[in-house]
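A.B. asks: Once you've had a glance at the structure underneath, I'll fire off some questions.
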Amino acid sequence: MAAGMYLEHYLDSIENLPFELQRNFQLMRDLDQRTEDLKAEIDKLATEYMSSARSLSSEEKLALLKQIQEAYGKCKEFGDDKVQLAMQTYEMVDKHIRRLDTDLARFEADLKEKQIESSDYDSSSSKGKKKGRTQKEKKAARARSKGKNSDEEAPKTAQKKLKLVRTSPEYGMPSVTFGSVHPSDVLDMPVDPNEPTYCLCHQVSYGEMIGCDNPDCSIEWFHFACVGLTTKPRGKWFCPRCSQERKKK
């Protein structure tokens, strides 16, 4: 496949990437704004509670505290959603980077294959020229036996032609030997060593993930499938390890 074809295919694959990135960034900005609005509401409720705590009944105090707690819960949900969006955005860009790496590897493999074919052709051409030179030398030898004029002219002609044959490979494509290229070497691209790993499976982020509500959790983020989830649970969620630790306490 020509270089232009690889470039065209890659550009087609990233055609929608700017729009997808713009959408995710806009969603994150919206989440930021909603979080700021909730924080302002929390400050207002907290001020109201502090200023009128003595005059409020127990039921009214509990109602205000519940509103504050629910607002904080919403803020955390928005924060989790923003982190999820950030992970999806990273994965989206990383997928295209891997695609580019794969296309570059395939293009390099094609170049090597063409160089090997050119080297084989150059080698076969050199053998043909050597064979032709031997025949011409025989003709020159026969010409020398026919007379002095032929004896002087033929060797010069033969030498001239021999000289051209010997120097011509220098202007041809050089012989280059490469190792065999397998499709698996191209398709099995290594994982980015700088990409962080998560979950009990110690894999990179992909798909839907959920964060553990234990602030001291050493893993923090988990794939839905690895912890047996299909939808995001309501309220606080603790990973299996943190749940066991909480039960021990």
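Cβ coordinates are placed from backbone N, Cα and C, and glycine is handled just like the others.
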A.B. asks: Tell me which residue from Arg142, Arg166, Arg234 Swiss-Prot records as citrulline.
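C.D. replies: Swiss-Prot annotates citrulline at Arg166; the rest carry no such entry.
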A.B. asks: What does DSSP assign Cys226 (Zn(2+) 1 binding site), in three states?
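C.D. replies: Going by the DSSP assignment, Cys226 (Zn(2+) 1 binding site) falls within a helical segment, counted as helix.
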A.B. asks: Please name the residue among the binding-site residues Cys199, Cys201 whose C-beta has the most neighbouring C-beta atoms within 10 angstroms.
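C.D. replies: The most densely surrounded of these binding-site residues is Cys199.
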A.B. asks: Per DSSP, Cys201 (Zn(2+) 1 binding site) is which: helix, strand or coil?
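C.D. replies: Reduced to three states, the DSSP call for Cys201 (Zn(2+) 1 binding site) is coil.
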A.B. asks: Which Cβ among the recorded positions (Lys112, His223) has the fewest C-beta neighbours inside 10 Å?
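C.D. replies: Ranked by other Cβ atoms within 10 Å, the recorded positions Lys112, His223 bottom out at Lys112.
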A.B. asks: What are the non-local neighbours of Cys226 (Zn(2+) 1 binding site), defined as same-chain residues 6+ apart in sequence with CB under 8 A from its CB?
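C.D. replies: Long-range Cβ contacts: Cys199, Leu200, Cys201.
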A.B. asks: Using an 8 Å cut-off from the Cβ centroid of Cys199, Cys201, His223, Cys226, can you name the remaining same-chain residues around the Zn(2+) 1 site, in sequence order?
C.D. replies: Tyr198, Leu200, Gln203, Phe222, Ala225, Val227
